[in-house]
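Report on the following structure.
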């Protein structure tokens, strides 16, 4: 049992109220002006925000098969440090969770080592990127969160349509990394100013938006919940907006780096600035911000993608795609958008908690009496510089190194257990 004393909580109007919070038996037992108990542990939250634990539906934990990049343990420790209490693990592992046996093995490993809640995706196709569909029913029984071939767009419309029909029959979501391979052209960055300046092959916007346009029509025909991963282009935002207006069951996420950065921020041919989708144009970034504010884009997800140093500290042509994000998402977004009065604090918290929960019907994301005690304590005055040497993640690959941010998680509770406390050893 914990009592969080003298903290602040956000009410429905977005105003801060001084409250104590009692955690008992893994639940939020009481939220009141003052709580006095004779047993349990007191946590001093004076002047700090007590918020629901963050939810990230797009995380690469790399285990099994990529433990040199990340493990379930290190990835969930990083999540806890970043304030995340629920993360959804992508299936680009070795082996791929494309069968009940592999999924059962993964679930056992999660139960054994995870510091926070991990909801694993199953793949759509066997081995990722094939045309053979997995056994959807068996994988749902084994606890799959949803189905995705993340990292690889499903290339054939017929394959995707059949997958959507099977997912719809089970009331499960299809989650899509949208990329038409015939339009990538071997690109490593956005097909724009930076690519031209550096003489690099570019990935055009249409590689993403064309597949989203195809898929929303398939989702309409199949009656499926279709979710777009890491949306990055103005055309994609337009397609999703039109689909929502047409009543199609489509949701979309955006990553912090696509909201904060664009291609003109890239300092040079540095593998730590290589991600997929790539940093796009200023016009694309503006469209993403507009889409998030008007509800076209539903929430924020990090696409945390750790790699070993030797896979990133090389030119872009040789580097792996992806950057880490779990430990820096909140401070970066708070600094860039809340402190600048572009967003309210409540908007940011909602996009990291209740919005993803609502999209995927998860019973998390709210701080209220009776709720699961997934909680992050945030020091909105704490200022610190992003230093990969301090990361709990094995991945140190971030373009934000050296940036000073304000507003950091200082404690995280997952199902009532203190899983991160600032200042304690890793």
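Here the Cβ of each residue, glycine as well, is placed from N, Cα and C on the backbone.
Features of the protein shown, as given by Swiss-Prot:
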BINDING   58, 60, 150, 303  Zn(2+) 1 binding site
BINDING   60, 61, 62, 92, 276, 307, 321, 322  substrate binding site
BINDING   150, 177, 230  Zn(2+) 2 binding site
ACT_SITE  303  active site
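What Swiss-Prot annotates, mapped onto the structure for a quick look.
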residue: 58; record: Zn(2+) 1 binding site; Cβ within 10 Å: 26
residue: 60; record: Zn(2+) 1 binding site; Cβ within 10 Å: 26
residue: 61; record: substrate binding site; Cβ within 10 Å: 31
residue: 92; record: substrate binding site; Cβ within 10 Å: 22
residue: 150; record: Zn(2+) 1 binding site; Cβ within 10 Å: 21
residue: 177; record: Zn(2+) 2 binding site; Cβ within 10 Å: 22
residue: 230; record: Zn(2+) 2 binding site; Cβ within 10 Å: 22
residue: 276; record: substrate binding site; Cβ within 10 Å: 20
residue: 303; record: Zn(2+) 1 binding site; Cβ within 10 Å: 28
residue: 307; record: substrate binding site; Cβ within 10 Å: 27
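Look at the binding-site residues 62, 321, 322 and count other Cβ atoms within 10 Å of each Cβ; 321 has the fewest. Sitting within 8 Å of the Cβ centre of 150, 177, 230, and not among those site residues for Zn(2+) 2, are the Cβ atoms of 58, 90, 148, 151, 175, 176, 178, 229, 276, 303. According to DSSP, residue 276 (substrate binding site) is assigned to coil rather than to any helix or strand. Those same-chain residues not listed among 58, 60, 150, 303 yet with C-beta within 8 angstroms of the centroid of the Zn(2+) 1 site C-beta atoms are 59, 90, 151, 177, 229, 230, 301, 302, 304, 305. With respect to their backbone Cα atoms, residue 322 (substrate binding site) and residue 60 (Zn(2+) 1 binding site) stand 10 Å from each other. Of all residue pairs in the substrate-binding list (60, 61, 62, 92, 276, 307, 321, 322), the one with the greatest Cα separation is 17 Å apart.
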